[in-house]
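The following features are taken from TrEMBL:
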ACT_SITE  Glu139  active site
BINDING   Cys96, His138, His142  Fe cation binding site
Amino acid sequence: MSLLEILEFPDPRLRKKALPVDKVDDALKQTIDDMFETMYAASGIGLAAIQVSIQKRLLIIDLADGEEGEEPKPLVFINPEITVLDPTPYRHEEGCLSVPGYFEFVERPQKVLVNALNREGEAFEIEAEGLLAVCVQHEIDHLNGKLFVDYLSVLKRQRIKSKLEKEHKQNASA
Ligand code: NI
């Protein structure tokens, strides 16, 4: 397994639209394993393939925080399709491994149904509510080139963008 590089806002590659996965093979499973390793190393709870420069409709989630010996609960969604079951706005403070250090409130539909393929390429469906619903919608946004900062005011987004750009410049010259 290996750690993958996570792209950071405003990298234009995060704006690409991910393409459907046509087959679930060993190479894809390797990618999934690498994504989990990368996400756990970064203490994230969700990661879309597009964030590690892989333009595929694939995302992973694990809401277990690993504290008090909690077992990992890895979820894999390949070619996910989402249906809103309850559009009532649910407000949650979101963060993103591609926007490190920033957390902002975003409103999303409270309950959704997700149809996808799992790591074995088998179809499944899951009703997601609360944090899982937030996370699935946030990650599916990534597959469509969208970031949580897009839900913020232009001013807020610009401020985050300039701060991250400054950090990237400093890291590059360090
Ligand atoms: Ni994200």
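Note: Cβ is positioned from N, Cα and C throughout, glycine not excepted.
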Residues flanking the Fe cation site, with Cβ no more than 8 Å from the Cβ centroid of Cys96, His138, His142 and excluding those residues themselves: Gly46, Ala48, Gln51, Glu94, Ser98, Glu139, Asp141, Leu147, Phe148
Which same-chain residues, if any, lie at least 6 apart from Cys96 (Fe cation binding site) yet have Cβ under 8 Å of it: Phe9, Tyr102, His138, Leu147, Phe148, Val149
Long-range Cβ environment of Glu139 (active site), under 8 Å and at least 6 residues apart: Gly46, Leu47, Ala48, Leu59, Ile61, Phe77
Assigned conformation of His142 (Fe cation binding site) - DSSP reduced to three states: helix
Number of Cβ atoms other than its own within 10 Å, given for His138 (Fe cation binding site): 24
Set of same-chain residues at least 6 away whose C-beta sits under 8 angstroms from His142 (Fe cation binding site): Leu14, Ala18, Ala48, Ile50, Gln51, Leu59, Ser98
